[in-house]
Amino acid sequence: AECSVDIAGNDGMQFDKKEITVSKSCKQFTVNLKHPGKLAKNVMGHNWVLTKQADMQGAVNDGMAAGLDNNYVKKDDARVIAHTKVIGGGETDSVTFDVSKLAAGEDYAYFCSFPGHFALMKGVLKLVD
């Protein structure tokens, strides 16, 4: 099974993947985030945040309040399963999480929590056999 994925978020506020599948056979899963754009992180920064679908809006709202210094993620937010730091153009970051944190049949969302980005920059993550 492929236990990692590469995803890019660009200056046009788009992720290059709308869906990520994670195999149950993976113990851990790694997301490699790349920003192929040119704009700095304070202007057009992107991160990759994973929550349950139902938790996305709350995590986005609290993340905005947390600010750039906290990567637009509320400190110790139990709703956030995994997240990268906020990166700017030309930068990369990775995050690895335990697949045991995912439940079969649950709907998971990934998104960028930079203010105003999540409406366009989001996708679905699924646990598969």
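Please read every residue number as a count from 1 along the shown chain.
Glycine is no exception: its Cβ is also placed from the backbone N, Cα and C atoms.
Now, the feature entries from Swiss-Prot:
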DOMAIN    1-129  domain 'Plastocyanin-like'
DISULFID  Cys3-Cys26  disulfide bond
BINDING   His46, Cys112, His117, Met121  Cu cation binding site
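Everything Swiss-Prot records as a feature, shown here on the structure.
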| residue | record | Cβ neighbours (10 Å) |
| --- | --- | --- |
| Cys3 | disulfide bond | 14 |
| Cys26 | disulfide bond | 16 |
| His46 | Cu cation binding site | 31 |
| Cys112 | Cu cation binding site | 27 |
| His117 | Cu cation binding site | 21 |
| Met121 | Cu cation binding site | 22 |
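Sitting within 8 Å of the Cβ centre of His46, Cys112, His117, Met121, and not among those site residues for Cu cation, are the Cβ atoms of Gly9, Met13, Phe15, Gly45, Asn47, Phe111, Ser113, Phe114, Phe118, Leu120. Of the recorded residues, His46 (Cu cation binding site) and Cys26 (disulfide bond) place their C-alpha atoms 26 Å from one another. Regional average pLDDT for the domain 'Plastocyanin-like' (1-129) in the model is 98. With helix defined as DSSP H, G or I and strand as E or B, the domain 'Plastocyanin-like' (1-129) counts 24 helix, 45 strand, 60 coil. Taking the Cα atom of each, Cys112 (Cu cation binding site) and Cys3 (disulfide bond) are about 21 angstrom apart.
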